[in-house]
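Quick look at what TrEMBL lists:
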TRANSMEM  A:49-72  transmembrane segment
TRANSMEM  A:92-114  transmembrane segment
TRANSMEM  A:126-156  transmembrane segment
TRANSMEM  A:176-201  transmembrane segment
TRANSMEM  A:234-253  transmembrane segment
TRANSMEM  A:273-293  transmembrane segment
TRANSMEM  A:314-336  transmembrane segment
TRANSMEM  A:356-374  transmembrane segment
TRANSMEM  A:381-407  transmembrane segment
TRANSMEM  A:427-447  transmembrane segment
């Protein structure tokens, strides 16, 4: 058995299956208490200067959004640039953009959980937080788009005057249900994941207001295995519920367009194309946030090059799917022989008034991620950040192209008009970035940015059978899920 | 002079690592204890078997929670948008809800407009399931609670950092002050504490 143990070390490899040599998920053999101290330290210590440098402008930008919405309410929706025929413009573009950002969070927390991708543990907490904040930003736009925002409760299924109920046959109402369910379930998922880590913070605090608050929100958690047993089942169930949910949300968002008869919107490829795009844009935003967070707070041992590499690969995959969808839209417009649709696509991509937006979209979303085919680029943080910034911008342009430029050239030339955004449009959108950043920075300040309990669970020493085996590679495997893997010891 | 009555909650023993805890749990299980638990900073895979804990019943509750959501969405939509309930002789429900089904987007008011209702039925299924998960979990594990006798122990706070504990409760029929302590010592438990609770 001694001999087989050495065959698995990288120096003395003698043909044993290399699949057991896995990159560690936490570098430098960190201990449990190191992880606790490092992550709780972010909350407990003073924030670095950079936090304040980012926080103050974020608050100011948030106030800008508040001002713009106040101005909008007091003056009227006409302060936005949309008129007939472009009745949906930046507002719905921003809505779809922000909703899409949220999807990566749910993908990491739910789909990667169900597929046992353990590298998710270091990034899922921040990604879920990002989901919730992005959906909050998204919700503002349709709420104000309805015109009389104080009537927005009409969207809720409550019988209002004259027994008029909501039109449940409308994709716009499906959207209300999809987005509000998405927000609620994401929040429940996030909170449930936070409970054990809030208990960690509670146990480290001195008595006082903070301890009381962490105490209340950690619900009296005491890490009992009889609790963990139910808890893990609950977590798994929420992941299983969130997976179809996240796919449905952006599909429903795409129904807003796809169920219409407007050329350029009436497309069956929209649901999968929107979902892929959302995951694509969301992952770019996760990296945009997590790379600086990792650098500023010294979390390099937990958010390793492997994590960034994996996420870059997902961006490459989804970006390529999105590229396929762009091409397929064109092909179907040609092949479908609907002259209005063909005209729409020709105007979009070839000679229309807003082709510049189409080129931005295509370049940022399809060409930029192709850099990730080359491994050193996936490991160079500057390149990764550059591509992510391209994708963030590109995905906004994608929604703009679909929504606004389609409406600019409608069926009849009589209803043609090029859309121009007003300063209110621009500052409101800019301000939501402030809101998003402000919420994220407050999250960093008060809550554990990495799921402490989950990261500890993927350490090699957390395997109850670690001492039963000589081989390093097997210890990292989750033996309890695969009892027959015990025999792997003798195979080599 | 004040006197406080104390009640013994149980014995708390600390273990060095996951492996020791796992083997200790197997032994406590085999010794026939029922009311005991291990406290760890993260879930340990296989610990349920080592402790003899059965699988959670939560999924069954969630199934019915989800089904409720589907039914609520179906009823809400068909009641307000179709003549379905009147057609099956339950017109009073429609009167009760003061509904007035209208033809919108050329979609008729009979039941065969059902596919237009699927998205909302799906979303409410998920929503109700998720709430059942949350509240089902909390009721099954008896949380939230404001305090617990174990929080009296100074050492116990380590459970959320890197501490691995076994606690055998005094409510267990096999519990005895000497026997249980000896067992925990024999299994390699450290810093064995008798946890007492104020009455």
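Quick reminder: no glycine exception, Cβ is built from N, Cα and C everywhere.
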Quiz item: So, do the transmembrane segment (A:427-447) and the transmembrane segment (A:49-72) meet, by the test of 3 or more Cβ pairs under 8 Å (sequence gap 6 or more)?
Solution: yes
Quiz item: At least three Cβ pairs under 8 Å linking the transmembrane segment (A:314-336) and the transmembrane segment (A:234-253), pairs spaced 6 or more in sequence?
Solution: no
Quiz item: Near the transmembrane segment (A:92-114), which same-chain residues lie under 8 Å Cβ to Cβ, leaving out any that are not at least 6 residues past its ends?
Solution: 120, 123-124, 127-132, 134-135, 137-139, 141-142, 145, 179, 182, 186, 189-190, 193, 235-236, 238-240, 242-243, 245-246, 249-250, 253, 256, 274-275, 277-279, 281-283, 285-286, 395-396, 399-400, 403-404, 428-429, 432, 436
Self-check item: Stretch contact, the transmembrane segment (A:381-407) with the transmembrane segment (A:234-253), Cβ-Cβ under 8 Å, 3+ pairs
Solution: no
Self-check item: Chain residues outside the transmembrane segment (A:234-253) and at least six past its termini with a C-beta under 8 angstroms from it
Solution: 96, 99-100, 103, 106-107, 109-111, 113-114, 171, 174-175, 178-179, 181-182, 185-186, 188-189, 192-193, 271-272, 274-275, 277-278
Practice problem: Residue list, the transmembrane segment (A:273-293) vs rest of chain: Cβ under 8 Å, 6 or more residues beyond ends. | Solution: 96-97, 99-105, 107-108, 123, 126-127, 130-131, 134, 246-247, 250-251, 253-254, 299, 303, 308, 311-312, 314-315, 318-319, 321-322, 325, 329, 365, 369, 381, 384-385, 387-389, 391-392, 395, 398, 440, 444, 449
